[in-house]
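Per TrEMBL, compositional bias 'Gly residues' is recorded for 1-11. Summarising the annotation, TrEMBL assigns region 'Disordered' to 1-40, 252-271. TrEMBL lists 25-34 with the feature compositional bias 'Polar residues'. The repeat 'WD' annotation in TrEMBL covers 155-197, 198-229, 280-321, 322-363, 366-406. The annotation compositional bias 'Acidic residues' is assigned in TrEMBL to 252-266.
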Amino acid sequence: MPVESGSGGVSAAGRQAKQKRKSHSLSIRRTNSTEQDRVGMQRDLLEGQESKLPSSIRSNLLDLFGQIEREFENLYIENLELRREIDTLNERLAADGQTVDGGDLSKGPLKAKASHSTSQLSQKLKTTYKASTSKIVSSFKATTSRALCQLAKEYVGHRDGIWDLSVSRAAPVILGTASADHNAMLWSIETGKCLLKYVGHAGSVNSIKFHPTEQMALTASGDQTAHIWRFVVQLPAPQPVADISVPCEDDVDFSDKDDADGEPEGPSECPSVRVASTVLKSHQGVVIAADWLVGGKQAVTASWDRAANLYDVETSELVHSLTGHDQELTHCCTHPTQRLVVTSSRDTTFRLWDFRDPSIHSVNVFQGHTDTVTSAVFTVGDNVVSGSDDRTVKVWDLKNMRSPIATIRTDSAVNRISVSVSQRIIALPHDNRQVRLFDMAGVRLARLPRSNRQGHRRMVCCSAWSEDNPYCNLFTCGFDRQAIGWNINIPALLQEK
């Protein structure tokens, strides 16, 4: 719509005159007059151009833009006045070596604002300090853990993941491993040499336990049986070995394509046993674990058929069938000095079976976890320690098992745990390849070193203590097809707590 040029020119002239009078009254010298003239010319041109907007709306828009411009001018003038006041205050405080940026701190609201800002700054500094200190402490703890927990020996020879391991209680002291490659192996702890291989199972060997007094081993298998077999081994002379424990950084991830996926560099020749002296067979599913009762005259097995069976070792007869779990069993363990058995299950519970009274056996059910209970083990005292896929480990008192006396929360599922006899340190093997040590109160003591040069490269399945061994007193195994012997400086570890 065409617009009358005369009225537009008068309006522009009046506006420019008003701006000049305002500038004169405020005594503000404009240094960018050229730019303002250019803007004014553009506005005049816009007012003279044709527009599709109605004249009333266009006029309102121009008035609004004029108001916005005046507001900005007022803010600019206020800012100049405030800067003058600040300069004046700085001159007054110059003698004291102080300056103020933004206002007089001695006056009420500004003083409160400054105090608040100082408090925020102080809090920020504290937070930064704590974060930096935390990093330093974590680094120090990692270094301490590496110094107190040294990798001593690697046992390589299995062709599939290792589910379980155990250390013999009677002389000679040897290491036993149970693997998914259908074999169980016995190892010299000091040299890492394979002493004997048991090849009698037709399925994955899921657990291995040594007889308390005789040279016999009990293995459980996916072939739905448990075997008892005798062995005779001669320990080789210890040989000096190079220290393979090197400084490392924790939490270094491994590629899925590493040496563990190739053929293991295990011993090429190893004597083998093919026939068991006793076969325990009454399960209708995978036998996932087995253990000796105190004295070694009876053995207990746990199966995926949801039952645990108690056998007479000499006759291989079934004495009791322990039923009640709603899902597959995952582990079983016996008390070192009493006729007690604890079974774990995928039904999130573990059960305590009492055979101390020959005429009757009682059972107690404990529902302390929210996911599969992967293992529950006895300590020498009156405690049970349970681990679960819910990423927790709980310590229970046998005299009052209504609630745990300690709870350990972790960042990964926990597999078959073990507790040292004398110092009662809990070793936690994790799905995320970590192994952590805690005391019975739930205080973390250490994390075993792991890097691209040492440690497990896959899920850690099991841990086992052997405190009396001066060379390796903790053993772990995993699905990287190797077992590792660790030297843990327990006195120093407890002193660092």
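Any Cβ shown, glycine's included, is placed from N, Cα and C.
Keep in mind that this is a model prediction, so the values were computed, not measured.
A Cβ distance under 8 Å defines the sequence-distant neighbours of the repeat 'WD' (280-321), meaning residues of its chain 6+ beyond its ends; these are 164, 203-204, 206-207, 209, 211-214, 216, 218-222, 224-228, 327-339, 341, 343-345, 353, 355, 361. If you look at the repeat 'WD' (322-363), the same-chain residues 6 or more away from its ends with a CB under 8 A from one of its CBs are 285, 288-294, 300-310, 369-378, 380, 384, 386, 388, 390, 398, 401, 416, 421. Residue counts for the repeat 'WD' (366-406) under DSSP (helix as H, G, I; strand as E, B; rest coil) come to 0 helix, 21 strand, 20 coil. With DSSP classes pooled into helix, strand and coil, the tally for the repeat 'WD' (322-363) is 0 helix, 20 strand, 22 coil.
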